[in-house]
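Taken verbatim from TrEMBL:
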| type | residues | note |
| --- | --- | --- |
| DOMAIN | 45-294 | domain 'G-protein coupled receptors family 1 profile' |
| TRANSMEM | 29-52 | transmembrane segment |
| TRANSMEM | 64-83 | transmembrane segment |
| TRANSMEM | 103-124 | transmembrane segment |
| TRANSMEM | 144-166 | transmembrane segment |
| TRANSMEM | 201-225 | transmembrane segment |
| TRANSMEM | 245-265 | transmembrane segment |
| TRANSMEM | 277-296 | transmembrane segment |
Amino acid sequence: MKTLSSPSNSTTISGFILLGFPCPREGQILLFVLFFVVYLLTLMGNASIICAVRWDQRLHTPMYLLLANFSFLEIWYVTSTVPNMLANFLSDTKVISFSGCFLQFYFFFSLGSTECFFLAVMAFDRYLAICRPLHYPAVMTGRLCNILVISCWVLGFLWFPVPIIIISQMSFCGSRIIDHFLCDPGPLLALTCSRAPLMEFFWAILSSLLLFVPFLCIMGSYILVLRAVFRFPSRDGRRKALSTCGPHVTVVSLFYGSVMVMYLSPTSEHEAGMQKLVTLFYSVVTPLINPVIYSLRNKDMKHSLQKFLKT
């Protein structure tokens, strides 16, 4: 538990109040049904990709093994927020415990960090496949693929624990209401008894490195890919190469476009409503549509999913 200090008294925080999406009881029930359906569809879509890759021997290549791991990551990413959100829709108090809040904080950001690294590794895989096709089988071996996957998970879960532990040790004053549907650094830092500019600066540096280093790797990979593709002699070759990159570029654009708005400066003055909508987009909507993007834009995946669903 954490002490809530004030000039006149001292009480104990047993938890925070996540306001979520305030509306009448009927609206809360409607939102519960909507997000419950979205959650189930997300689990089913990403699980279908995992099963299709495991079931179809033709998809046992680094690109699809990375995609299966990415889908597994998306399942846990959406699970870090949506079940608690669903419980809050039906709750009268909307309280989340102090430890529960910071556990959600840690897992949500660790899984998000892992996603950034996975997107960079997937772009690197496309670079090798298109720009170095003759060396690709020798370079992107199963062993290297496993090392890259493990590295993404380890780096993702080691990126933010220090600042999160530091924030958890701060004193929180006044209101314990968080105008959000999850425990987010901006609202949490706003509840501390005094501003912590050093902590805010540290968080901004870590967030910037996390976002920009993988993003620059992704951009560099695709600049080299485009340069190689436009040198292909045949139009069909160019179209096939671009079709393998199209889904990944779309996912990168959706994820990074929304995340960069929010976390380069966690204490910047975003309106609460806009914070919720942008966070909702990259944490709930993107994991929902990723399987659709990868299956509709990839003929091999579409064919394997159709065969898997018919069995």
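Placed from the backbone N, Cα and C atoms, the Cβ positions cover glycine too.
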Distant-in-sequence neighbours of the transmembrane segment (144-166), which means Cβ under 8 A and at least six residues beyond its ends: 62, 65-66, 69, 102, 105-106, 109-118, 121, 124, 199, 202-203, 206, 210
Should the transmembrane segment (245-265) and the transmembrane segment (103-124) be scored as in contact, given a threshold of at least 3 Cβ pairs under 8 Å and pairs 6 or more apart? yes
Same-chain residues at least 6 beyond the ends of the transmembrane segment (277-296) with a Cβ under 8 Å from one of its Cβ atoms are 35, 38, 41-42, 45-46, 48-49, 67, 70-71, 74-75, 77-78, 81-82, 108, 112, 180-182, 184, 247, 250-251, 254-255, 258-259, 261-262, 270, 302, 305
Mean pLDDT, the domain 'G-protein coupled receptors family 1 profile' (45-294)? 89
